[in-house]
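Here is what Swiss-Prot records for this protein:
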DOMAIN    30-199  domain 'EngA-type G 1'
BINDING   36-43, 85-89, 151-154  GTP 1 binding site
DOMAIN    227-403  domain 'EngA-type G 2'
BINDING   233-240, 280-284, 345-348  GTP 2 binding site
DOMAIN    404-488  domain 'KH-like'
Amino acid sequence: MAKAVKKEIAKSEEVVSIKAPRKEPGKKIPVVSIVGRQNVGKSTLFNSLLKKKLAITEDYPGVTRDVLSARIYQEEKDLDFYLCDTPGLDIENPDSLSQTILETAYGQLRESDVIVFLLDKNLITTADHGLLNYLRREDKVANKPIIYCVNKADKELDEFDLEEFYRMGLSEVLPISAIGRKNLGLLLEKIQFFLKDKPGKVWIEKISASKKKEAQPLPLAEEDYEFRLAIVGKPNSGKSSLLNAICGYERAVVSDVAGTTRDSIDTLLEFGDRRLLLTDTAGIRKQSKTAEALEFYSYQRTIKAIESSDLVIHLLDAKKGFGDFDKKITSLLQEKGKPFLLAVNKWDSIEDKTDKTFKEYKEKLYSRFPLLNEVPIITISATERLRVQKLMDLSFDLASRSHRKVSTSELNKNLKNWMGLAGRSFSAHQPPKMLYCTQVSTSPFHLILFVNHVEYFKSNLVSFLKKKLTETYDLQGIPIRLEFRSDRK
């Protein structure tokens with residue numbers, strides 16, 4: 001038996017690939033959801049099937065708070081479906097947060113084509129029985145194919161080991177080991193069997209830009225979007241509420257508890273004839289806290305979301321102001337060279353506002369972080385959907401401006417003129433001179449300048465040149481990098 005198990009593990013290693021082609025127009029890709037109580041290994045199974053660490057896996061209940069999805073595709077095995085990891089459905093005394101999570105997960109089950117019900121070999125609880133009863137009785141779920149998997153079966157199980165599962169009324173169970181990758185190939189074969197000739201369902205929705213915001217089918221796997229937009233900010237700044245306000249429906253779990261969204265969620269949106277991929281990231285916490293196991297992977301994915309994005313909305317809390325940690329986020333965005341804009345959320349909660357309130361807020365903001373003076377800023381209320389459409393208009397505008405290319409001759413002419421205007425006012429030495437410059441990238445707006453002496457170009461002169469570039473080429477919100485090189489022939 002040991003050899004057979006070893007062979008099965010080897011087989012499972014080559015079953016899964018997530019490199020999928022674009023979905024054919026009109027073709028629907030089915031959805032498979034992993035369900036179970038907390039801490040039975042759902043996220044570990046999700047990651048093992050994907051062969052990458054996408055969901056958070058940690059031996060602590062309640063880690064996956066939102067529905068994660070990824071496409072599994074392998075042409076030679078005729079495998080093509082969306083795999084979804086749902087939160088644990090066993091919260092006995094649901095508070096406002098867990099109730100919202102439960103509703104999100106139950107909604108996901110109703111949209112699934114096949115359900116993988118995961119159980120723990122070592123422990124059957126009342127939560128398992130309760131979830132099983134729900135799957136059997138819920139009208140929109142009861143007729144769906146369900147694969148019952150017994151996880152943590154690292155050794156072969158005999159009939160005695162499975163007796164308790166049979167007493168639950170499960171006529172067929174599949175022993176697996178998510179960590180050891182045992183029998184994952186068989187699991188995929190069962191999924192393939194149930195999905196054969198099924199029309200499938202669409203996992204993501206197309207969001208109309210109209211006020212009605214009616215949902216229509218749209219494939220998640222298509223990547224013909226204009227740009228990738230990430231929403232970042234400290235915990236409880238309203239990121240998920242903003243995502244829901246933009247989408248017009250509750251795609252992410254929303255709660256007033258900081259850190260509710262621990263997993264990045266991608267949503268493909270269409271506004272008129274323009275598309276974008278919207279990412280709601282986990283709240284960035286201070287480095288000392290993200291070192292903890294529970295938040296580590298979420299923090300890393302947030303950084304990756306910023307790195308992989310084309311444009312970023314940095315969300316601020318109007319009542320909390322611009323704190324030291326917001327400065328760290330802004331510095332990170334500057335460091336990564338990402339175009340971004342500031343959205344001051346919860347503006348409706350500010351009392352006794354006047355015509356000068358916003359101006360005073362900006363002045364205070366710029367005094368704490370002068371670089372923000374050239375960044376677009378807008379006040380919004382995600383919960384009230386105040387100026388959310390204007391925020392999206394600004395995002396599309398910023399995306400368009402982030403590809404600004406300037407001819408080398410024009411750059412050289414303007415920069416030399418500006419430096420002539422500056423004269424010696426920015427240097428105690430002889431006037432700094434630029435011999436030649438060229439643009440090497442658009443986002444960030446990166447210039448290489450060959451100069452007489454690099455040390456002559458002090459920070460005040462560099463700031464002056466960046467300001468002139470911003471004003472001349474409409475680069476508000478787009479980081480500018482000036483790289484100076486000495487040219488001493």
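Heads up, the Cβ atoms here are built off N, Cα and C, so glycines get one too.
The structure, with features from Swiss-Prot marked on it.
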{"residue": "G36", "record": "GTP 1 binding site", "CB count, 10 Å": "25"}
{"residue": "N39", "record": "GTP 1 binding site", "CB count, 10 Å": "17"}
{"residue": "K42", "record": "GTP 1 binding site", "CB count, 10 Å": "29"}
{"residue": "T86", "record": "GTP 1 binding site", "CB count, 10 Å": "28"}
{"residue": "L89", "record": "GTP 1 binding site", "CB count, 10 Å": "22"}
{"residue": "A153", "record": "GTP 1 binding site", "CB count, 10 Å": "23"}
{"residue": "G233", "record": "GTP 2 binding site", "CB count, 10 Å": "24"}
{"residue": "N236", "record": "GTP 2 binding site", "CB count, 10 Å": "17"}
{"residue": "K239", "record": "GTP 2 binding site", "CB count, 10 Å": "29"}
{"residue": "W347", "record": "GTP 2 binding site", "CB count, 10 Å": "22"}
Spatial neighbour of G233 (GTP 2 binding site) that is closest, considering only the binding-site residues G36, T86, L89, A153 and their CA atoms
T86
Could you tell me which three-state DSSP class G36 (GTP 1 binding site) falls into?
coil
Between A153 (GTP 1 binding site) and N236 (GTP 2 binding site), what C-alpha distance do you get in Å?
40
Spacing of the two Cα atoms, G36 (GTP 1 binding site) and N236 (GTP 2 binding site), in whole angstrom, works out to 28
Between L89 (GTP 1 binding site) and W347 (GTP 2 binding site): CA-CA distance (Å)
35
According to DSSP, which kind of secondary structure is K239 (GTP 2 binding site) found in, if we only use helix, strand and coil?
helix
Whole-number mean of pLDDT values that fall within the domain 'KH-like' (404-488):
87
How many whole Å apart are the CA atoms of K239 (GTP 2 binding site) and T86 (GTP 1 binding site)?
20
Inter-residue C-alpha distance, K42 (GTP 1 binding site) and N236 (GTP 2 binding site) (nearest angstrom)
27
Please report the three-state DSSP label of K42 (GTP 1 binding site).
helix
